[in-house]
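Working notes, beginning with the structure itself.
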Amino acid sequence: MVEFLTTIDKRKILHVDLDAFYAQIEMRDQPELRSKPLIIARDPTQNNGHGVVATANYAARQLGIHSAMSAFEAKRLAPNGIFLSPNFTKYKVVSAQIHDIFRRFTNKVEPVAFDEAYLDVTANVLSGATLAAEIRHQILKETHLTSSIGVSHNKLLAKLGSEYNKPNGVTVINHENQLQFLDCLSISAFRGVGRKTKEKFDKLGITNGLELRQMSREELKTEFGKMGEHLYWQARGVHFGAVEWQRQRQSVGKEETFDRALRETNAVQIEFKRLVNSLVMSMNRQKIVGRTLNIKIRDEQFNTITRAITQDDPWTLNEATLVMAAQTMFDDNIGPDFSVRLLGVSMSNLQSATFEEMSLF
Ligand SMILES: [Mg+2]
């Protein structure tokens, strides 16, 4: 049975990830925190039990605490743990330093989060392993923080590699050892295997990459749908996605032209809701946020106006908030007698969203 054609992927891809980023910065700045379980989250006792763990140091992780867990649950696991509210202003400064270091090695940098990026270093004459050592050295020297790097020929293996030897480690995965590496991985290490998928694999008796690879493509598709197809290729270390380094689009937005002009506030509001809904979906899909919300209004005489609100921090992608802001701009600029032929809502000053930042709120 021919499963797939092997093509030798000659790329050199790194996945760089700082270790417990926010927690590590706080421990760097307050060394007395090092020996204690440190949880970056608002203290649930001062916050009515609300809040989510952004990250935790390794002492806290040993107690079973992990990011995205409720702060309340973390408090139960570590009653004497230290809770610190995240200081994003500080983390952003360090993030910029790290991304500057990445760009010394290649312009092909795809930022994934504050502390994480893919680098395509194919054009660099040095080996991936050498570059990884040098990047880790420069990060440590300039920020006093440790990082982990996966080195391979595609993004999937690079990412799995950086996770494998964490914290403060390097994993090099090449064509010769990739199957050996994948076969030993626990099933939950594969991308997209969450709690539910894991339970299903448990029932099937599949615990590691080798057993996953022995499942047929049909079987995987039947059990897991599209995810099954992804897992089929993951088990073989095949991934062709490119490091997406080119600058993101300047703006993202939606507009709508109406056959019959809108003349009532109610109708305008319904359209804003629709436009904002599709804008938010598209931004979530692209994992981007933006600081400037723009609206565009054209009347029956083809007069067009645009208005914008720019904030210091990206807009939260909350539909009600954005609709209200759009409607306010409309009301402030359009008199009571209007006829609208076109409405648009867009976001500019874009940046990539980080999972951690988004899940906090
Ligand atoms: Mg990290």
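The chain as shown is numbered from 1 upward.
A Cβ is built for glycine as well, from the same backbone N, Cα and C atoms used for every other residue.
What TrEMBL says about a protein is an automatic prediction, not a curated fact.
What TrEMBL annotates here:
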- Glu116: active site (ACT_SITE)
- Asp17, Asp115: Mg(2+) binding site (BINDING)
- 13-194: domain 'UmuC' (DOMAIN)
- Tyr22: site 'Substrate discrimination' (SITE)
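Mean per-residue pLDDT, taken over the domain 'UmuC' (13-194), amounts to 94.
Checking the recorded positions Asp17, Tyr22, Asp115 against ligand 1 with a 6 Å cutoff on the Cβ atom leaves Asp17, Asp115, in sequence order. Each residue contributes its Cα atom, and for Asp115 (Mg(2+) binding site) and Tyr22 (site 'Substrate discrimination') these two points are 9 Å apart.
The recorded positions in question are Asp115, Glu116, and the one with the fewest Cβ neighbours inside 10 Å is Glu116. Tyr22 (site 'Substrate discrimination') sits 12 Å from Glu116 (active site), taking the Cα positions as reference. Following the DSSP three-state reduction, the secondary structure of Asp115 (Mg(2+) binding site) is coil. Shown in sequence order, Asp115, Glu116, Ser147, Ser148, Ile149, Ser162, Glu163, Lys166 are the residues of the chain, 6+ apart in sequence, with a C-beta less than 8 angstroms from the C-beta of Asp17 (Mg(2+) binding site).
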